[in-house]
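**Q** There's a structure below that I have some questions on.
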Amino acid sequence: MIHCALRVLYLSILVSFAACNAPPVPLDDILIEKTFVPEQCVRAVKVGDYVRYHYIGMFPDGKKFDSSYDRGSTYNVFVGKKQLIEGMDKALVGMCVNERRLVKIPPRLAYGKQGYGDIIPPDSILHFDVLLLDVWNPEDGVQVKTYHTPPTCSRKVEVSDFVRYHYNGTLLDGTLFDSSHTRMRTYDTYVGIGWLIAGMDQGLLGMCVGEKRIITMPPSLGYGENGDGSDIPAQASLVFDVVLLDLHNPRDGIAVTNQQVSESCTRKTVAGDFVRYHYNGSLLDGTFFDSSYSRNRTYDTYVGRGYVIAGMDEGLIGACVGERRTITIPPHLAYGEEGTGTKIPGSAVLVFDIHIIDFHNPSDNTVVTVTHKPELCDKVTKKGDFIKYHYNASLMDGTSIDSTHNYGKTYNVVLGANQIVPGMEDGLMDMCVGEKRHLIVPPHLGYGERGVTDEVPGSAVLVFDIELVEMEEGLPDGYMFIWNDDVSPDLFAEMDHNKDEQVEPSEFTDYITRQVNEGRGRLAPGFDPYRIIDNMFSNQDRNGDGKITTEEFKLKADEASAHDEL
């Protein structure tokens, strides 16, 4: 009988065969010499198994009469079903994959007295150098061996899931025929719907992301009787070393987990809010792809308006300031089949660990909370009042920005004079001395989209804790000077100190200053008094010649719209 064969793995045994020139020794049964035994033998050949092996057939004198190596293909056959000479049927039983045996077969268990044509003479003892490459049984199914299990597994592969995995594909003897690693890209496919060979479709079921397993399948669940035409022989068992990197189902929505919410959450984000948040972005297997922390600035965007990927738009709704949450986004709500090129693969599930720093709505006003109010409060602040107050300023996450206490003095402003941000202006109105307030100021009433370099981030919500220390009542709206007493009927003459029928700037300044010092008049508090007086003089000096004449001089009551005159 002539054996068919696969490729040559070892040929050195020919030397030892050639050395055997002694006369043949009569044999009653086969003799087996194990010339190589693998360290591991997960399965030994049994009667009824199908095997693939290489062989070299020789006579005792070392003369070769046949070789599977010469034909470039293994010999493939069932064991124990009389498809082989009787001696080989016996010799293959108990062999392990990659084991080599030198088998000596007597004539009665080979070709006996008839021999085999012109190739094997009658009563020939035959020697076979056998290398077993594959073994399987028609009753075999897929065998799965998990050798790494991730610490957590929230979900396992099910039929119709889409998976991304890496693999090394080998034959049962360890010969590599394919690898996703060499292509540096995962294999991406649906499971259980016929897109894969049957054995892989079965072998991937039940896997967790991060799990590593060996999937072994008989040819009936691989590439069958024909192989793949190139790297996978006919009737070959296949072994896949698989690591699962990603898993989702087209029906999946986002998943929000690991929520850490402050007990003081009084408001949650809604569509249309503007949110500032930090994030770490990774793939489902933990591979990092981006972080706002590495750029040392938050990601700032409107939510619910399509400014970010759909999954993030949804995942940021219902969050509190200071909240931390994990948002898992399937690819159809992220970057889809194409991904982003280098960082995010196609069809990748994304995981974002989010920290909400602050949020506001463009329609928000300053939120004023009174934290302390004195029992006696007979006068409250209004536009034009000159006030002195202390404040502590911070961001919504508690980051300190500034404090008057650091400088040991109050902050002093005139309300309504645009000396502070509008939100603070609002928060200081109708306040009594000794009162304390907590203000939340949205950015459009604070420092806007630009913020303050190295102090206040752009679009930041501000928090102020304020205490009103002192208040000086301002003048009526539109006035920078008022009389406390009746106006003198000889006002111009009193100003004209040298009686030359005109008032010089020095005369005007001396006169107004004296009225203020003696309590008969009052300048608007909080402003430079000399600038106010200069402005008053300029308004009276109508022709701009540096002096006021009787024709130019008018009282406030005589003016239709001027604000700084007498």
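For all residues, glycine too, the Cβ spot is worked out from N, Cα and C.
Take a look at what TrEMBL says about it:
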- 1-20: signal peptide (SIGNAL)
- 48-136: domain 'PPIase FKBP-type' (DOMAIN)
- 160-248: domain 'PPIase FKBP-type' (DOMAIN)
- 272-360: domain 'PPIase FKBP-type' (DOMAIN)
- 384-472: domain 'PPIase FKBP-type' (DOMAIN)
- 528-563: domain 'EF-hand' (DOMAIN)
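How buried are these features, and what lies next to them?
**A** The domain 'PPIase FKBP-type' (160-248) scores a mean pLDDT of 97 in the predicted structure.
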**Q** What are the helix, strand and coil residue counts for the domain 'PPIase FKBP-type' (384-472) according to DSSP?
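**A** So the domain 'PPIase FKBP-type' (384-472) is made up of 13 helix, 37 strand, 39 coil.
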**Q** Tally of helix, strand and coil residues over the domain 'PPIase FKBP-type' (272-360) according to DSSP?
**A** 12 helix, 35 strand, 42 coil
**Q** For the domain 'PPIase FKBP-type' (160-248), how many residues does DSSP put in helix, in strand and in coil?
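**A** Across the domain 'PPIase FKBP-type' (160-248), DSSP assigns the residues as follows: 16 helix, 35 strand, 38 coil.
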**Q** Do you know the DSSP helix, strand and coil residue counts for the domain 'PPIase FKBP-type' (48-136)?
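**A** Helix (H, G, I), strand (E, B), coil: 14 helix, 38 strand, 37 coil.
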